[in-house]
Amino acid sequence: MSEWSLQKCASKTLNTEAQTCDALEQPSLVLVHHEPFEDGFANGEELTPAEEAAAKEASESKGVVKFGWIKGVLVRCMLNIWGVMLFIRMTWIVGQAGIAYSCIIVVMATVVTTITGCSTSAIATNGFVRGGGAYYLISRSLGPEFGGSIGLIFAFANAVAVAMYVVGFAETVVELLINSGALMLDEINDVRIIGTITVILLLGVSVAGMEWEAKAQIFLLFILVTAIFNYFIGTFIPVESKEKFGFFSYDAGILADNFGPDFRGETFFSVFSIFFPAATGILAGANISGDLADPQMAIPKGTLLAILITGLVYIGVAISAGACIVRDATGMESNVTLSGLNCTDAACKFGYDFTSCRPVEGGKSACKFGLYNDFQVMSVVSGFGPLITAGIFSATLSSALASLVSAPKVFQALCKDNIYPGIAVFGKGYGKNNEPLRGYFLTFGIALAFILIAELNIIAPIISNFFLASYALINFSVFHASLANSPGWRPSFKYYNMWVSLAGAILCCVVMFIINWWAALLTNVIVLSLYIYVSYKKPGEPDWTVRHSIKCGVGCSDGVVSSRPQCLVMTGAPNSRPALLHLVHAFTKNVGLMLCGHVRASSRRPNFKELNSDMLRYQRWLLNNSSKAFYTPVVAEDLRQGTQYLLQAAGLGRLRPNTLVLGFKNDWRIGDIKDVETYINLMHDAFDFQYGVVILRLREGLDISHIQGQGTVLYTEPLHQPVSFKQYVDVVVSVDMSKDSDGDSSKPSSKATSVQNKKRSPTLPLNVADQRLLDASQQFQQKQGKGTIDVWWLFDDGGLTLLIPYLIANKKKWKDCKIRVFIGGKINRIDHDRRAMATLLSKFRIDFSDITVLGDINTKPKSEGLTEFAQMIEPYKLKEDDMEQEAAEKLKSEEPWRITDNELELYRAKSNRQIRLNELLKEHSMTRKDAKSPGESQTMSWSSTEPRSQHTPPVTFIHEAH
């Protein structure tokens, strides 16, 4: 059977790690993403108080200014990447490295940033992204130790970067003042004066609000793009007056002469180290993730497109400059040659001989123009020179403004997490956009201090290494999350690879040492020191994992559900209920814990020697059958007491189960009613201990111990192989299963064990029922054909309902099965509910094949179903009308499971709903289960489960923890 149903019971979220949320009402998944249905949720019900609070919070945030992917990410990244390097260093790089090596340098830098961009996109699309940019991404991936250390130095690096860009701007202004003879004091002091005035103006723009800052960025980008076009247009316009400066427009000879390298006092890696800081602006958009309307869409699209566009422009500038401009030029008319007899340069055919000023044997060049010597040569080439100067101003000011905004945002997120003492004061936000004004002034102070130094060569290597350390950890975060195979790691951005991310992390570390080895060492020492400090302090506020899908609850401190299914499976002997073992193994293998619980009922002192022997034997059986589980037996007076022991004591530390898995009690109608009461109480005990509950029902049953010797078959076929009964008996261990006096029928007698090693044991033919039971017990072990995993999500709640089918569908045996989602709704808004649910599932990166809205879910059930239900509960009715009131009360107190007429009337609507569900579920081969209502008898509660799950394919009831 290839069509399975996995169901949901109640509206609480399973969260064993975010314990601070236990006492709080959980918001729904829909409200987590602020996507409520019209007048309720998937089942059309009213909002809970927590949902109303979340909806109010969502409505209040409508006035906040949010940016799209163009203005919020693309523009910022392009402005940061197109720094001053584009105009005053790119041509020098071409002169040193040649066209070929320059393109290789650009490609190498682009590869590093592209890998990091893909890793950033993967993390950003793996759930909700708050403000804090790189810090938030790393801290929620690798924990507070790495996140806290990188967050601090990343914020500091952005603050110092403001000084670097402002000083670059000030130096350009000072050069203009020198050329016009208007120097105020001297070069250094003029840089300090102009830099101080500039950073004050930039602070004013930033404090005015993100909207004004975004408008300023758009204006600066317009100037920058105009300057770039101005340069490219100028390369096609040959001007005779520019030839003495080395510009001759496009020429094959110049291109050939400049194609190879001609390093003068530099090496390939030293030139690369000078260029690479130009590519370190890819996180400019992610740094303001809290101000983006849709970070999951904006960050990948804007970042990767910015890397592509800027990379192409850098390569275009390198090729065009190398094809138009010679390496050396004097700028004097006296270098015109008429004969050209002794001239071998590319400029010779144009009548110029610049060989006289070339350096000899490593000496200094006497030429003042050309690719090597004139950092402002792009102004010479351009169609209108002042536009290049405006472009330089735009590049420096825009980068400074982006850094001035990024640093406080990252620092604010760091302050909110309270990792370092004494800095929380700078995280306070003001206004509707929660602007960190104190953070702005702190950034201003740091930037001003470095502006007064006015030495870029001292601070630039440290800044580049701080950025690269962040990139390395972002790449390592993706590798770590992918390698851990966390169920919460399911980015909607698919264009990443864990090994490529690891290679990107290694590349970033290599580049750090290539740029400046001592700065790289200093960066690593700082990161390590902060890491040790945070590890020692152990902050415990947020849940530091990226494996998240749903917020913990209203008022929780940034906690998220990172819980993976850790299952306590009540199998008894592990091989007595293989279907239960195989199904749980399907969604816990490599991602969760599985404990096989076995309660051995005994009223006398247990034989610990036999108990330990059985533990070793069954654990060996699990290992031999590739089942990643632990066998955990307990001795208790009864099943409920033993289960309570397991619920309290099973596991160790965080390797503790959070979900109780049971088999459905198929014989509840013919067995002892007290056993039914005990069985139901197991679930309530699990809820009291904050466990979720999963119940598996097969029509044929689960227990095969009577077929294979009551749990003593030690077959060695691996779990992933289909096993027939004939394969079982080929390697069976024959055991005399006479019961011991402790009442445990699944434990073999120690007196009568005979092993027939590698011999076929005599077998008897199975009856039809047992053969069907045996076949059904192995169905989850086989590869599933094309089918569906159907999720009836009738109550909008936490994530376990979707998590389990997601985990199962990702397994190889289930890869051909598609997930279908069924939700309740109203006939007049079926299309709206389907679209809303599709949007919600997409945000949670859950792949689905179809969504069905059940508009007729509240229709009255058919008479056949009502009659069948009435006949089923008839033996359990109290029938108080047929006896005296005193006798009825006495019988009810002695047998509380009896169903009264009052209960029947009180829960008639609920019963009818379940009967109607059974009709719909039979139609779609599904079923589900609700929680028992307060005051409802055990029999009344359990009897409503039977009509919903009878005559259906294998079904799993899922009830998350309270």
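Every residue gets a Cβ built from N, Cα and C, even glycine.
Predicted automatically and left uncurated, TrEMBL annotations should be read as such.
According to TrEMBL, the features are:
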- 69-88: transmembrane segment (TRANSMEM)
- 72-541: domain 'Amino acid permease/ SLC12A' (DOMAIN)
- 100-129: transmembrane segment (TRANSMEM)
- 149-170: transmembrane segment (TRANSMEM)
- 191-210: transmembrane segment (TRANSMEM)
- 216-239: transmembrane segment (TRANSMEM)
- 268-290: transmembrane segment (TRANSMEM)
- 302-326: transmembrane segment (TRANSMEM)
- 440-460: transmembrane segment (TRANSMEM)
- 466-484: transmembrane segment (TRANSMEM)
- 496-519: transmembrane segment (TRANSMEM)
- 577-927: domain 'SLC12A transporter C-terminal' (DOMAIN)
- 739-761: region 'Disordered' (REGION)
- 920-933: compositional bias 'Basic and acidic residues' (COMPBIAS)
- 920-962: region 'Disordered' (REGION)
- 935-953: compositional bias 'Polar residues' (COMPBIAS)
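Packing against the transmembrane segment (69-88) from elsewhere in the chain are residues 165, 168-169, 172, 214, 217-218, 220-221, 224, 227-228, 275, 277-282, 284-286, 288, 291-294, 297-299, 301-303, 305-307, 309-310, 313-314, 317, 375-376, 378, 388, 391-392, 394-396, 398-399, 402-403: each is 6 or more residues past its ends and has a CB under 8 Å from a CB in it. Between the transmembrane segment (466-484) and the stretches 149-170, 191-210, 216-239, 268-290, Cβ pairs under 8 Å are most numerous for 149-170. Same-chain residues lying 6 or more positions outside the transmembrane segment (302-326) and placing a CB less than 8 Å from one of its CB atoms are 69-70, 72-74, 76-78, 81-82, 86, 90-91, 93-94, 98-99, 102-103, 106-107, 110, 113-114, 117-118, 120-121, 228, 231-232, 235, 246-251, 254-255, 257-259, 278-279, 282-283, 285-286, 345-347, 354, 370-371, 377-378, 381. Highlighted: of the candidate stretches 191-210, 268-290, 496-519, 268-290 has the greatest count of Cβ pairs under 8 Å to the transmembrane segment (100-129).
Here the domain 'Amino acid permease/ SLC12A' (72-541) has a mean pLDDT of 82 out of 100.
When Cβ-Cβ distances below 8 Å are used as the criterion, the transmembrane segment (149-170) is approached by residues 83-84, 132-135, 138-139, 190-192, 194-195, 198-199, 202, 287, 392-393, 396-397, 399-400, 403-404, 406-408, 410-411, 413-414, 419-420, 442-443, 446-451, 453-454, 456, 459-460, 462-463, 466-467, 469-470, 473, 523, 526-531, 534 of the same chain, each at least six residues removed from its ends. Residues 67, 72-74, 76-77, 79-83, 85-86, 89-90, 93, 96-97, 101, 105-106, 108-110, 112-113, 116-117, 120, 124, 129-134, 136-137, 158, 210, 261, 298-299, 302-303, 306-307, 310, 314, 399, 402, 405-406, 409-410, 413, 434, 460, 463-464, 467-468, 470-471, 511, 514-516 of the same chain sit 6 or more residues outside the transmembrane segment (268-290) yet have a Cβ under 8 Å from a Cβ within it.
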